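J.: What TrEMBL records for 25-52, 98-120, 140-158, 206-225, 237-258, 270-289 is transmembrane segment. What TrEMBL records for 41-287 is domain 'G-protein coupled receptors family 1 profile'.
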Amino acid sequence: MDALNQTRVTQFVFLGLTENWVLEILFFMAFSVMYVLTLLGNILIMVTIVFTPRLHIPMYFFLSNLSFIDICHSSVTVPKMLEGLLLERKTISFDNCIAQLFFLHLFACAEIFLLTVMAYDRYVAICAPLHYANVMDMRVCVQLVFGLWLGGTVHSLVQTFLTIRLPYCGPNVIDSYFCDVPPVIKLACTDTYLTGMLIVSNSGTISLFCFLALVTSYMVILVSLRKQSAEGRRKALSTCSAHFMVVAFFFGPCIFLYTHPDTNFSSDKVVSVFYTMVTPVLNPLIYTLRNEEVKSAMKHLRQRQVFSMKSCT
C-alpha cells in the first residue's frame, strides 16, 4: 500500500510509432484497413462455424475461440493506436494504462494456451484417431477452453500486480504506442531489476515452454504421417502447416519481447506491431484460404442467405 500511495503519475504519454506526420497518416490508413479486415474476417469465421452444424467439432470449436481472442486482442491496442496517430499529444490515464496492460496479457496468454491446445487436438486426431472421439469430446474441449481462460487470467493478474506495486513519480513518457509491463516499469522510481526478472520468468517461460511443446507435438505428428495414406498425409499436412504458420507468427514476437528483461523499446515497437496487428488479420486468411471445409461452409452459407433473400421478395 505504501508503494501505491507514493504514485504521482496520473497519465502517461506515448511517443507512438513515428513523429513524421506523413507516416502517421499512412499508418492510420493502413492499420485502419487491417483492423476492419481483422474484425470482419474473424467474425465471418465465427458466424460460419456457429451456423454450420458439420463444423461443430473440436477443431473448429477451437478455431472459433481463436477468432474471438484475435478480435479482443487487437481491440485492446489498435483503437488507441489509431487515435494516437491522429493526435499530436498521445496520452492515456494511469488507470486505463493498467487496464490495457491487464487485458493485453489476458488475451495474449489465452491465445498462447489455445494454440497449444489446438496442437494437442491435432496430435490426438492424427496419432490416435481411434481414441479421438473419447479423448476430445466437447465436454473436454469446454474444460480446456475454461482452463486456458483461467490460466490467462492468473498470468495477467500477476503481471498487473508486478506493475502497480511500484511507485511512479515521473517521468511519464512511454516509448511505445500501448501500455505493456516492460516499458511501464521502466518509468518506476525504484530499481526494477528483480521485477524485470520476474516478468521474464512469467511471460518468457510461458511463451518458450508452450512453443517447445508445440514444436515437439508437430515433430511427433510428422513422424507418424509416414504410416498414413497419401491423401491422409496431404490433409494432415495442410491443416498442421496452417496452424504452424499462425504459431510462428505469434510466438516469434512474444518470445523475442519477453525472454530478455533489458530491451530497446524503439526497435521492439516494430515487433509489437506484428503480433498485435498483423497476426490477428492473417489468421482468418490462413485458416480460410488453406481450409476447404471452411471455404465450402462459407459458400454454402452465402448461397443459403441469397436464397432466403429471394424467398422473402
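In case you wondered, yes, glycine gets a Cβ from its N, Cα and C as well.
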J.: Could you please provide the mean pLDDT value for the domain 'G-protein coupled receptors family 1 profile' (41-287)?
T.: 85
J.: In terms of Cβ proximity under 8 Å, which residues at least six beyond the ends of the transmembrane segment (98-120) contact it?
T.: 59, 62-63, 65-66, 69-70, 72-73, 76-77, 80, 92, 144-145, 147-149, 151-153, 155-157, 159-160, 163-164, 178-181, 184, 203, 206-207, 210, 213-214, 217-218, 243, 246-247, 250-251, 254, 275-276
